[in-house]
Amino acid sequence: MTEQKATNITWHDGDVTRADRNKLLGQKGATIWFTGLSGSGKSTVAVALEQALFARNKLVYRLDGDNVRHGINKNLGFSAEDRAENIRRIGEIAKLFVDAGVIALSSFVSPYRTDRDLVRAMHAESDMDFIEVYVDVPLAVAEERDPKGLYKKARAGEIPNFTGISDPYEAPETPELVLKSHEMSLEEEVDAVIALLQQRGILPA
Ligand SMILES: Nc1ncnc2c1ncn2[C@@H]1O[C@H](COP(=O)(O)OS(=O)(=O)O)[C@@H](OP(=O)(O)O)[C@H]1O
Ligand SMILES: Nc1ncnc2c1ncn2[C@@H]1O[C@H](COP(=O)(O)OP(=O)(O)O)[C@@H](O)[C@H]1O
């Protein structure tokens, strides 16, 4: 992919600030970033959390493969370079949601530490909350679940560069939260995220 640097471009500030939008919505935008193997439970937890937050009158939006890899990132595959660009763009999109005052729930394998750390740094640069949640299951559990039948195909050599089988997954070293979805119920996972958001002042106690 040819990289074009942004030159001769000036940021144009508006009169309505992020703080104004947060005040209007009565909430603070933040990114909750789920990472883990395919089949670890990222989407399942994000869907349940979305419902729990919405029930608390919070404006929340999920970013996942369906609305990203089928749309804005449909030109990207699964090489390390394409995954990096996938995650960079998703990081930028999540930031737009946070700037709008929304709680963004992002569920991507995001297997490389440097890619996730870049997104973390992008948020820090703009003074935005970034909560990394590692959905941690042994490969054997994810493979046994195989909700989309992809592990079977990967083992048969039909999917190259499949995370956990023929491609690496670099576990987070200091995530804000670890959810062992093979040892916790879905309800316990949602409660754990909500408790953390309360602790961080993103949700009222
Ligand atoms: N080679 C390979 N490796 C891993 N996953 C693969 C691959 N090919 C297709 N899939 C399916 O695509 C989903 C992963 O896409 P992501 O955008 O989350 O990947 S990444 O963050 O860019 O690594 C992943 O979705 P989830 O199962 O929801 O995690 C898979 O269903
Ligand atoms: N405690 C749990 N948390 C999340 N998912 C679970 C749990 N127990 C079983 N599962 C199952 O594991 C699978 C996880 O799939 P999915 O959420 O699509 O994973 P991912 O988005 O990480 O690929 C689903 O079939 C889900 O029902």
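Each residue, glycine too, has its Cβ placed from N, Cα and C.
As annotated by TrEMBL, active site, phosphoserine intermediate applies to Ser110. Residues or ranges marked as ATP binding site by TrEMBL: Gly36, Leu37, Ser38, Gly39, Ser40, Gly41, Lys42, Ser43. Residues or ranges marked as domain 'APS kinase' by TrEMBL: 28-180.
Overlay of TrEMBL annotations on the structure.
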residue: Gly36; record: ATP binding site; contacts (Cβ under 8 Å, 6+ apart): Lys42, Val109, Tyr134, Val135, Asp136, Val137, Tyr169
residue: Leu37; record: ATP binding site; contacts (Cβ under 8 Å, 6+ apart): Val109, Val135, Val137, Leu139, Ala142, Thr163, Gly164, Tyr169
residue: Ser38; record: ATP binding site; contacts (Cβ under 8 Å, 6+ apart): Val109, Ala142, Lys148, Leu150, Tyr151, Phe162, Thr163, Gly164
residue: Gly39; record: ATP binding site; contacts (Cβ under 8 Å, 6+ apart): Val137, Val141, Ala142, Glu143, Arg145, Asp146, Pro147, Lys148, Leu150, Tyr151
residue: Ser40; record: ATP binding site; contacts (Cβ under 8 Å, 6+ apart): Val135, Asp136, Val137, Ala142, Ser181
residue: Gly41; record: ATP binding site; contacts (Cβ under 8 Å, 6+ apart): Val135, Val137, Leu179, Ser181, Leu186, Glu189
residue: Ser43; record: ATP binding site; contacts (Cβ under 8 Å, 6+ apart): Asp64, Ser107
residue: Ser110; record: active site, phosphoserine intermediate; contacts (Cβ under 8 Å, 6+ apart): Trp33, Thr35, Arg83, Ile87, Arg116, Val119
Inset, instruction - Taking a cut-off of under 6 Å between Cβ and any atom of ligand 2, tell me which of the recorded positions Ser38, Gly39, Ser40, Lys42, Ser110 pass. - result: Ser38, Gly39, Ser40, Lys42
Inset, instruction - Work out the three-state DSSP category of Ser110 (active site, phosphoserine intermediate). - result: coil
Legend entry - Other CB atoms, at most 10 A from the CB of Lys42 (ATP binding site): 27
Legend entry - Where the C-beta lies under 6 angstroms from ligand 1, the matching recorded positions among Gly36, Leu37, Ser40, Gly41, Ser110: Ser110
Inset, instruction - Reduce the DSSP letter at Ser38 (ATP binding site) to three states and note it down. - result: coil
Legend entry - Three-class DSSP secondary structure - Ser43 (ATP binding site): helix
